[in-house]
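Engineer: Next up is a structure, given as structure tokens.
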Amino acid sequence: MTVSGPETPEPRPSDPGASSAEQLRKEGNELFKCGDYEGALTAYTQALSLGATPQDQAILHRNRAACHLKLEDYSKAESEASKAIEKDGGDVKALYRRSQALEKLGRLDQAVLDLKRCVSLEPKNKVFQESLRNIGGQIQEKVRYMSSTDAKVEQMFQILLDPKEKGTEKKQKASQNLVVLAREDAGAEKIFRSNGVQLLQRLLDTEETDLMLAALRTLVGICSEHQSRTVATLSVLGTRRVVSILGVENQAVSLAACHLLQVIFDALKEGVKKGFRGKEGAIIVDPARELKVLINSLLELLTEVGVSGQGRDNALTLLIKMVPRKSPKDPNNSLTLWVIDQGLKKILEVGGSLQDAAGELTVTANSRMSASILLSKLFDDLKCDAERENFHRLCENYIRNWFEGHGLAGKLRAIQTVSCLLQGPCDAGNRALELSGVMESVIALCASEREEEQLVAVEALIHAAGKAKRASFITANGVSLLKDLYKGSERDSIRIRALVGLCKLGSAGGTDFSMKQFAEGSTLKLAKQCRKWLCNDQIDAGTRRWAVEGLAYLTFDADVKEEFVEDEAALKALFQLSRSEERSVLFAVGSALVNCTNSYDYEEPDPKMVELAKYAKQHVPEQHPKDKPSFVRARVKKLLAAGVVSAMTCMVKTESPVLTNSCRELLSRVFLALVEEVEDRGTVVAQGGGKALLPLALEGTDVGQTKAAQALAKLTITSNPEMTFPGERIYEVVRPLVSLLHLSCSGLQNFEALMALTNLAGISERLRQKILKEKAVPMIEGYMFEEHEMIRRAATECMCNLAMSKEVQDLFEAQGNDRLKLLVLYSGEDDELLRRAAAGGLAMLTSMRPALCSRIPQVTTHWLEILQALLLSPNQELQHRGTVVVLNMMQSSKEIAGTLMESEVLEILSVLAKGEESPVTRAAAACLEKAVEYRLIQPNQDGE
């Protein structure tokens, strides 16, 4: 009896649409056998929608359960099997599949009940009996572990509750043990059931840092991926109490509370899903209400007096992660709309606060940037003009209120808020800047005697210069003011910001060599001053950041790039600043590096279009002579020598909302430029570039992920993957590489991904299974038909290595496909490398699946000519592959051996067998020995 595959019910003529439903079932069964479980699932779903009898529905539901089991979506597998059981309580296959799903979900007690029913229905079924024994053993092991865990938890609780313990050392040790114990599900459950949450609440109330950290980390274990325990924990501690811990002065405690709140949010948001632990918990009536309470508490924390700046930043970080949709495919953005209505003004209040100013909220140097990122993500999450208009209206009302009704202090806050918007949702910032009197106030305050007012105004002017239209206006009206500030101010903080404003205006033409805002040589002077300030250790990091901002703009000019990479001290200062606590510098550093490596997108203009544009007297961008490939390669080598990879690796590790997806994209572009030359890849790997590329390839913008994946492919092609990505890290490389196989990627990216996957597939079976699990095989097969010979060859080589896996061999052995035919035909192509790959795959498949040997003569009438051509090839590798295929075919069937011996193959093998000792000679001799064994030929008198 088979319990894992799909079944086909008999169609009933009386059922409307029975023939089409039956066709869909058959299609689903074939797709299931071929390993296309998603396709099979779709076919079964369509068959269900046509309307069927309860018996047929039960079979289709259990077929869907089989698909979900293969796809490792165990919650859905359980649901489908349960539907089948509802329609037929004695459906033993559905019961068995549900038991498999329940086992994977950790619900062993329920899985045992289903298996016992299976055994009672079919007592002689050995599969059921063996499964029941296995689960019984798992339950006994869990009971033993729980017994030992009980004793550990009890002992630690006694120490923590003992009033006689005067010192805290024992208590701290016990609390740390609780943290370790809570990482295991059994331990977390025991702590929870032993009134552990109440005890941990008492530890939080001690306000001792070590005990608070231990309590928070233990709570992480209790709440992690467990919705019911999370809700129970919140009911004991109170959501507002947990959120309030974010605001403490101690940075470590605030970060621990931030981690706990992230875990709580994940548990509430996702609920019971695939792979979650402890599904026997309580049912939650309305998790959405708990989510809103949590988010509302975070919004209130933003504007509470007495909250630390670090706590405010952590609250913003959580809101950035929690609120916006993860994917635009998700149609529900109601949480974003609710946050905008309830908390937009609170976010703007943080963004408009001045650091270290009297009467202002306590903020850090990173607070405004974090607020900008949150505002940007909220704005990007809006779906229609009406929602965006509401966002604009709320921002404008807030700014207008401060600008018009609170005197000079109100104007400063309004302008600071505009700067925050310009750094985030710039459309909203530009609209706010156009409000009556705002731009005039910015210009006027630039001439103020007070440093605080000048700082706010100059920064707003810098951010306003981002748009070409506004840059032209400021060039005409504000350059003289910025120059006066740069030359006349006695404060470095003002001078450096004025310099950045000039840099930004000077780079308004971008990489266009023909468009220069300032006179020749002016940008070089500005860049020199930026480098001077950057290298000055006496200036604080927050001020030096502006020097990097200036260089980020000026490095559009190739002359500036050349001077910058020659200045070793400036490069080292840049890399040192990127490692500092001044996180807001990351984007500027990334921008400068992208400019120096020319890793932005650039397409060579069509010469005909250029001529047409000149004829029409339209402006045609010109490339700087020093942006040619030879100059770019030289700059890349200088950056590598200066240690750019180590600096970028540290930037990737940054756990801050400032490391936005756009910033990740910049780093991905630079990494791709660094690994362009083969001789540079060893340096990148040695300095940790391979490790840094993995998170960039898995998270970020689509462009950034693709660039990082391509860089990973280049490293995998030319370096030993096991050394480049040691340990478990090598398995994380597969998914980014498979993503490069999509049709949206370029031909070069497809080719490099195929070559990299070929290398990985040749390492181990586990890696091959990972490639199969990522559904790469259908895409690789598609590229085997590609017209481009290099892509076709790479795909064939990849399939050759994958053919060592049983699942791929099953695909070739399945009836009704041309996979084997394609390999046979490719073995006779003119492209020698393609022939080598195809013949290698053919040799491997015929060795592992002898049944395929009898099908080779059936797939094409030219099979004999192709084999003879392989045997006669001057290439030893092709000869060896050909002789192995012939040997496998002869070993599989006497009839095929007879056909081969009746052809010229016999004469060719006789010649090959007499050659010098080699794999070809041995294989040819083995073929002749098999022919003698079959009595198809006679040995000569010498016994040869």
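Each residue, glycine too, has its Cβ placed from N, Cα and C.
Feature list, courtesy of Swiss-Prot:
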REGION    1-25  region 'Disordered'
REPEAT    21-54  repeat 'TPR 1'
REPEAT    58-91  repeat 'TPR 2'
MOD_RES   Lys70  N6-acetyllysine
REPEAT    92-125  repeat 'TPR 3'
MOD_RES   Lys483  N6-acetyllysine
Engineer: What count of other C-beta atoms do you get within 10 angstroms of the C-beta of Lys70 (N6-acetyllysine), across all chains shown?
Structural biologist: 17
Engineer: When secondary structure is assigned with DSSP, how many helix, strand and coil residues does the repeat 'TPR 1' (21-54) contain?
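Structural biologist: The composition, in the requested order, is 27 helix, 0 strand, 7 coil.
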Engineer: Once near-sequence residues are set aside, which residues in the chain of Lys483 (N6-acetyllysine), 6 or more away, have Cβ atoms under 8 Å from its Cβ?
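Structural biologist: Set apart from Lys483 (N6-acetyllysine) by at least 6 residues yet with Cβ under 8 Å, we have Ala498, Leu502.
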Engineer: Could you tell me the mean pLDDT the prediction assigns to the repeat 'TPR 3' (92-125)?
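Structural biologist: On average, pLDDT over the repeat 'TPR 3' (92-125) sits at 87.
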Engineer: On the three-state reduction of DSSP, what should I expect for Lys70 (N6-acetyllysine)?
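Structural biologist: Reduced to three states, the DSSP call for Lys70 (N6-acetyllysine) is helix.
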Engineer: With DSSP, how much of the repeat 'TPR 3' (92-125) is helix, how much strand and how much coil, in residues?
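Structural biologist: Result for the repeat 'TPR 3' (92-125), in helix, strand, coil order: 27 helix, 0 strand, 7 coil.
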Engineer: Just to be sure I understand, if DSSP states are collapsed into helix, strand and coil, how many residues of the repeat 'TPR 2' (58-91) fall in each?
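Structural biologist: Helix, strand, coil within the repeat 'TPR 2' (58-91): 27 helix, 0 strand, 7 coil.
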